[in-house]
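Novice: Mind looking over this structure? Questions follow.
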Amino acid sequence: MAAQNQVHITIPKDHNGQKQAPEDDFDYSQRAQWVRAAVLGANDGLVSIASLMMGVGAVQKDVKAMILIGFAGLFAGACSMAIGEFVSVYSQLDIERAQMKRDRATGGQNQEHEEGNKEQLPNPFQAAVASAIAFSLGAIVPIIAAAFIANHKVRLAVIVAAVSLALLTFGVIGAFLGRSPMVKSCARFLIGGWMAMAITFGLTKLIGSSTGMEL
């Protein structure tokens, strides 16, 4: 019986037909710039305004004073964060552009590599807007928490509770977006916020008591 020749034809797989895991292939470092700005802004807005209001609450029982100082801190802080992020990221952008120019002049960078680097350049406007919006979102939490509570001690407790919940939320969001450990992220946010509020409240209370400014 004659032997049969078997011909094996290798058919290249269609890349579109392959099952890919975009979750695993995605480079989360691309999110680092705006995630950092947003998380930093939210945390700063939440903690700084809450601490500011707790400090005022240590010597003032008037809710109007707390709300007013809260909004003043929100406006000032959002502007400060936006300008700070813009200047900082723009400085980083200038440095990276200068390095690309030097590489191009010395022939150490091909066009394809240069185009890839341009896509990864930081965006100062994006960082500034993200930081300002995030700061405002964080800052509004203690203001709303204090606005509808008449009793002074209850108001302070509600601010601490609302801020703690928000800190946990921001920690979860930051960890989710960056795919970082969630428990550690939440712990850093929560402990840092508690420390800031406690230190501000205690020192303001001490100064108010020693100078007779407590009302």
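The backbone N, Cα and C atoms fix where each Cβ goes, glycine too.
Under the heading region 'Disordered', TrEMBL lists 1-23, 101-120. Under the heading transmembrane segment, TrEMBL lists 37-59, 65-90, 127-150, 156-177, 189-208. As annotated by TrEMBL, compositional bias 'Basic and acidic residues' applies to 101-118.
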Novice: Cβ under 8 Å, sequence separation of at least 6 from the ends of the transmembrane segment (189-208): give me the contacting residues as numbers and ranges.
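Specialist: The answer is 43, 46-48, 50-52, 54-59, 160, 163-164, 167-168, 170-171, 174, 214.
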Novice: Same-chain Cβ contacts of the transmembrane segment (156-177) under 8 Å, 6 or more residues past its ends?
Specialist: 31, 35, 39, 42-43, 46-47, 50, 53-54, 57, 138, 141-142, 144-146, 149, 184-190, 193-194, 197
Novice: Which residues, given as numbers and ranges, are at least 6 beyond the ends of the transmembrane segment (127-150) yet have a Cβ under 8 Å from it?
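Specialist: Residues 33-34, 37-50, 53, 63, 66-67, 70-71, 73-74, 77-79, 81-86, 88-89, 158-159, 161-163, 166, 170 contact the transmembrane segment (127-150) from elsewhere in the chain.
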